[in-house]
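**Student:** Quick paste from TrEMBL:
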type     : residues : note
DOMAIN   : 27-152   : domain 'EamA'
DOMAIN   : 186-323  : domain 'EamA'
TRANSMEM : 7-31     : transmembrane segment
TRANSMEM : 43-62    : transmembrane segment
TRANSMEM : 74-96    : transmembrane segment
TRANSMEM : 102-124  : transmembrane segment
TRANSMEM : 136-154  : transmembrane segment
TRANSMEM : 184-204  : transmembrane segment
TRANSMEM : 216-237  : transmembrane segment
TRANSMEM : 249-269  : transmembrane segment
TRANSMEM : 281-301  : transmembrane segment
TRANSMEM : 307-326  : transmembrane segment
Amino acid sequence: MDMVGGCMWWGGLPFAAMVMVEFADVGISTISKAAMSRGMSTYVFVVYSNALATLLLLPCFIYQKKPVSLTLSLLSGFFLLGLIGSSSLILAYNGINYSSPTVASAMGNLIPIYTFVLAIIFRMEKLDLRRSSSQAKLLGTIVSVSGAFVVILYKGSAILKFKALSPSNFPPHQNLIITQHTKWIFGGLFLALSCLLAAIWNIVQASIVNNCPSKVTIVFFYTFFVTIQCTIFSLIVERNPNSWTLRPNIEMIAIVCSAVFGSVFRIGVHTWCLHQKGPIFVAMFRPLGVAIAAVMVVIFLGEALHLGSVIGSVIVAIGFYAMMWGQIKEKSIVMKNEVHSLASSTQQTPLLQCRTSENI
């Protein structure tokens with residue numbers, strides 16, 4: 001009984017881990033939104049959080065069991081990964097600042113959709129519309145993109161609001177000339193572009209993993225190059241020297257949480273769950289983040305939950321799961337074909353052996 005209980009506990013651990021990752025993702029978005037609403041620069045936040053993550057990962061990189069031989073080609077790949085990642089992060093946090101963590105969680109479901117579209121464009125994947133799996137993936141893509149447009153363009157009326165934490169507690173520092181509706185649209189567009197870059201980042205990372213299997217090395221150099229690139233960009237964009245001064249309040253908490261939970265914890269758990277359960281299991285938890293974000297934003301930020309976000313998020317989630325169903329169906333077909341070919345080859349082997357013995 002103890003062995004059975006231990007196996008059940010170990011089997012349920014990836015599920016609990018992925019739920020914790022979604023809570024961490026939404027928590028970082030929520031606390032960074034609160035910090036930026038109090039005046040913290042988006043660019044400075046990205047620089048400091050990645051710099052701290054680099055320092056935290058430095059001992060792991062130095063004392064790893066199998067050091068990686070660094071070549072110019074590999075370093076160039078890390079630099080490109082950092083460039084794409086830094087652009088995605090800046091767009092993402094600007095998008096959260098202009099809109100809401102709920103919108104960010106809804107848009108996050110577009111990453112597998114973008115990856116699928118890019119794979120077709122670059123002929124990394126074939127689309128056979130005669131198969132139900134390809135039809136589901138195409139339909140899921142169209143539905144998800146439609147849902148994203150609903151989230152961006154239709155804010156709708158407020159359907160839920162927690163008045164105990166009023167938004168006035170976090171006074172906005174943005175230019176008041178920009179209307180709230182315009183900011184919402186810009187925020188959604190920034191997040192959509194960020195997800196597109198995240199999909200490109202996944203493709204580039206997959207090619208780098210083939211040449212560098214060490215995850216610690218990849219993550220360390222990624223955060224290192226993001227820190228350097230964002231620092232250069234931020235020094236150009238952020239002209240106010242006071243923006244670089246950290247105050248021991250929610251700004252400091254947001255930076256520490258982003259470094260610890262956004263880089264070290266999240267990437268470590270993701271890598272472990274990918275190894276244990278595979279990419280489809282990890283991807284299926286993404287829509288859960290929308291529900292978590294809706295609750296956190298209302299309670300902790302005092303922001304209203306809008307009808308457009310709910311409708312759009314549901315549409316995106318439907319398209320996302322249609323896409324996932326198509327991928328699962330496609331993988332099952334591939335596995336059946338492999339089993340069938342293996343079975344046919346094993347059946348032919350004795351016959352060949354008999355003919356060989358007869359010739360002898």
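Each position is counted from 1, following the chain as shown.
Just so you know, glycine gets a Cβ as well, placed from its N, Cα and C.
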**Student:** Using a Cβ cut-off of under 8 Å, list the residues of the same chain at least 6 residues beyond the transmembrane segment (216-237) that approach it.
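**Tutor:** Same-chain contacts beyond the ends: 41, 43-44, 46-47, 50-51, 53-54, 57-58, 60-61, 64, 68, 75, 78-79, 81-83, 85-86, 89-90, 205, 208-209, 263, 267.
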**Student:** For the transmembrane segment (307-326), give me same-chain residues lying six or more residues beyond its boundaries with a C-beta closer than 8 angstroms to one of its C-beta atoms, as numbers and ranges.
**Tutor:** 100, 102-103, 105-107, 109-110, 112-113, 116, 132-137, 139-159, 280, 283-284, 286-287, 290, 294
**Student:** Residues of the same chain, at least six outside the transmembrane segment (184-204), with any C-beta under 8 angstroms of its C-beta?
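**Tutor:** For the transmembrane segment (184-204), the nonlocal Cβ contacts are 77, 80-81, 84-85, 87-89, 91-92, 94-100, 103-104, 107-108, 110-112, 114-115, 118-119, 124, 148, 151-153, 155, 178.
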**Student:** So what's near the transmembrane segment (281-301) in sequence-distant terms, Cβ-Cβ under 8 Å and 6+ beyond its ends?
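**Tutor:** Residues 14, 18-19, 21-23, 25-27, 29-30, 33-34, 37, 100-102, 104-106, 108-109, 111-112, 160-162, 165, 167, 170, 270, 273-274, 309-310, 313, 316-317, 320-321, 324 contact the transmembrane segment (281-301) from elsewhere in the chain.
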**Student:** By DSSP, how many residues in the domain 'EamA' (186-323) are helix, how many strand, and how many coil?
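**Tutor:** Breakdown, helix to coil: 117 helix, 2 strand, 19 coil.
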**Student:** With DSSP as the yardstick, break the domain 'EamA' (27-152) down into helix, strand and coil residue counts.
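**Tutor:** Secondary-structure breakdown of the domain 'EamA' (27-152): 100 helix, 0 strand, 26 coil.
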